[in-house]
């Protein structure tokens, strides 16, 4: 059976299972979930309940693997999973809703119901999570680039109101009291860490959620374990929870919760099992013993706990976020040094946490599911297809947007990935002449008639010196490397060129602006494309498209998870059979390999296509093809060291210049 048909059948079976469970519950009596404030405990169907939970974001794990991951959580001693709802993946364009694929929240909830794990649902509208724009849709910036999000800003509130009218009725069906797996619904996230402290906004969210979810649904907030955070992030109507990482004294941490909520269950909604990564920084690592000792102390207090993350997963596509200041984008891997690694495999931390939990409750009598098999498929040749300019008819098939001055992505209602700005040189530039801008978000590749001149870099490189002749094409390809998703700087989060470009002090005008949709590339287009080849200058190649085939042996009955070893490529985006695997930047590190989940591949009897959009260079001569390796092991811990970094496990045959 084809993979798509299998997933459709699976969904139908899950829906049937869910409906049967609803009928069974209705026959057995009422279900309920409540808080016994005097007893300092949750109550599930009349019995005391303690949530031992882990975070898994459905949007960061392929739906094919949701059942596997949730079952591993149950086998690890967890009774609850916590997940975010990223508004932007569900409403990528205003009024256009998406509940398929990575956004199929109903399938995720049905899968949780089938596995037998409860759900803590974090509804947003803001989620943070190192996700693009903290989960907010970028089209908000098309309404008003100066919108102050997460406040009673009229434009923001109107958009949230419409979104909650879509989301909350969906969630209501899956509340525990209605036979579903959702125990509680969180509004906002760590609001006390935001500057606004807008209680009218929190009350609006609460009233909206309460009006749709009903009077008995538990609505909660989460904030850091400081008095100031909880003061600005909570309201009396909501159940208050806090978050903190490994601690020698959780009693002191929970004392903050008690200041605002004298009675009721103690709850740490984000107990950090690891930490996030940024490009150019070392891969995060949290000591296993430290995590388990602190978890032991939390459980000994009788507290509820959610481990963030239990599996981190992957920022597929363009969904990684960023932090600032300074501006730091998050890699494609969201491994988080979690108990289940990026690919859902068991780690030593998983086993140790499981043993810690076993001291406080009996583990389920089910085997731990095995790790998914991995494919070591070897080397494939990547053939040049086209420069980005020669493929504009494919990647930007509509007419370009014309403007006297540069427009941002949001002004032309294009939000993710890449955008190309084009004008003509107004005169001969025989000597190196400064091209200047302070407004590039986030990297701008400057070319004259496709010849690379240099790179604008946000908050760093604002000048590129160029030469050229009057009438030659000046192109600036801008990459949006992820919107800031935390604190005050997430406002004015626009992308592209945000200020004018000057040439030796003269403002350049007359721009054609091309939104770049790499998803339009397919094998039939590639096979007929005959580009002129990239130009090499200043150590840079013209941003170009390359294609190869995944060398899966035809004798294999089915494909396996695999990893793209991106050495010796520099920076870009990778697609497998049209699935946007994510960004690569191996020389910056710490991530070197890209995870390719099995369901992104098709039967080995059919061709599996890898398409790469390389922005900067390869270590291969322009006239020769470059290779990429499909391996069975992840490598996400290259070690940056100042302006250079060393790499563990460099394979023989690679010739790396590691200075960046």
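Glycine too: its Cβ is placed from the backbone N, Cα and C atoms.
Unlike curated records, TrEMBL annotations are generated automatically.
Summarising the annotation, TrEMBL assigns active site, proton donor to 190. When secondary structure is read from DSSP and collapsed to three states, residue 190 (active site, proton donor) falls in the coil class. Over all protein chains present, the Cβ of residue 190 (active site, proton donor) has 22 other Cβ atoms lying within 10 Å.
The active site, nucleophile annotation in TrEMBL covers 270. Look at residue 270 (active site, nucleophile): DSSP puts it in a strand. All protein chains included, residue 270 (active site, nucleophile) registers 25 other Cβ atoms within 10 Å of its own Cβ.
Taken from TrEMBL, the feature domain 'Glycoside hydrolase 35 catalytic' applies to 41-359.
Confidence annotation: the domain 'Beta-galactosidase 1-like first all-beta' (406-516) carries a mean pLDDT of 98 in the model. For 406-516, the entry in TrEMBL reads domain 'Beta-galactosidase 1-like first all-beta'.
Residues annotated as domain 'Beta-galactosidase galactose-binding' in TrEMBL: 543-601.
Residues or ranges marked as signal peptide in TrEMBL: 1-28.
In this structure, the C-alpha atom of residue 190 (active site, proton donor) lies 10 angstrom from that of residue 270 (active site, nucleophile).
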